[in-house]
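> The N-linked glycosylation site annotation in Swiss-Prot covers 69, 166, 271, 305, 380. Annotation comment: Swiss-Prot describes 39-64 as region 'Disordered'. Annotation source Swiss-Prot lists topological domain 'Cytoplasmic' at 1-6, citing sequence analysis. Residues or ranges marked as topological domain 'Lumenal' by Swiss-Prot on the basis of sequence analysis: 30-433. The transmembrane segment annotation in Swiss-Prot covers 7-29 and is backed by sequence analysis.
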């Protein structure tokens, strides 16, 4: 019995000693923190501006960079972060917890397009449609073959919106590994879009569109979806089909795809900062891979099974990472498939088409005259002319000639939003904004 009592006393003594040691260390850390705070305050009061932002800890650039770096190698065990890492209380907190880690859409809207071959006129028409109704400044990132650069420059320099619109021309470039395969994937240069997060390293958010896109409402409105992303979402696209019975992926695909009918990448809104940071789940390795690491392995594994090139690769990625995709309604990427088999985009029927996507070359043949009429109307519109007399009224007359087609039977959806956009623009101009 005495032996047990001695053991109990020994444990009790050890416990008391541990408690005293913990209290002394806590008191010491509080004293050091108070002293450090006084020293920092003295330094900051002597510096211009006097204050500092969260994340600019005393560790200088190294400390600030360490605080913002998402690699787990920067954080010690149990997420107990050293006091010199962050300019906030990081105790028991993870790197993702603080708002300064979140990126906010910038005031300027960034729009990217890739143009190869005979796509100059189509691209210019798309850019014109983006300019007509948009409110915030636009910066166009145009990736084009070298022989197209001079033509783009001559046309864009004549646009009458100096100050509101800027542009940058880029050559078509692919990674040295597999450059030939990337260039010929699906259509010439189409896969360039996959490398935009790696090329435009200083651009936080970006709207990528195909050349055959027409904006029927301000770019600002689709840009605002960035603020609707939850903490896991990195991109937004529309479904490939609304009706599974006419879907391509669910009937013919030989690879994984997102959701029920897949996604269409002709209109792709991206938070590129998040894309560059994310580690993607995949079916090639148990290790998650970053964007730059996953593209080539995906192509090597699936190149014999994909039909639509880079769009198929994006479907595979988001099949494994569905939580990272925001899906917007079909009216933001309205294609011939939404009307040639009968109207199957309810949102467009109710509110009109927001973004028209004339894939399959429908702007340049007579197979879908409804789509071609919208394209020709915007192409022929002169900046500064009255939008009702020079754009809307001629377009409505042309659309009425297409009622013999399935899409022409619902031609009202092609001008419903356009009418509203013109009215809203007129109100803004009357208010001087």
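Including glycine, each Cβ sits where the backbone N, Cα and C put it.
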> I need the CA-to-CA distance for residue 166 (N-linked glycosylation site) versus residue 271 (N-linked glycosylation site), whole Å please.
20
> Using a 10 Å radius around its CB, how many other CB atoms surround residue 380 (N-linked glycosylation site)?
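13, counting other Cβ atoms within 10 Å of residue 380 (N-linked glycosylation site).
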> Cα of residue 305 (N-linked glycosylation site) to Cα of residue 271 (N-linked glycosylation site): how many Å, rounded?
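Residue 305 (N-linked glycosylation site) and residue 271 (N-linked glycosylation site) have their Cα atoms 29 Å apart.
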> Would you identify the secondary structure of residue 305 (N-linked glycosylation site) according to DSSP, in three states?
coil
> Taking only the Cα atoms, work out how far residue 271 (N-linked glycosylation site) lies from residue 380 (N-linked glycosylation site), in Å, as a whole number.
34
> Other than its own, how many Cβ atoms are within 10 Å of the Cβ belonging to residue 271 (N-linked glycosylation site)?
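Total other Cβ atoms inside 10 Å, all chains included: 25.
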> Which one, from the glycosylation sites 166, 305, has the smallest tally of other C-beta atoms lying within 10 Å of its C-beta?
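Fewest other Cβ atoms within 10 Å, among the glycosylation sites 166, 305, is found for 305.
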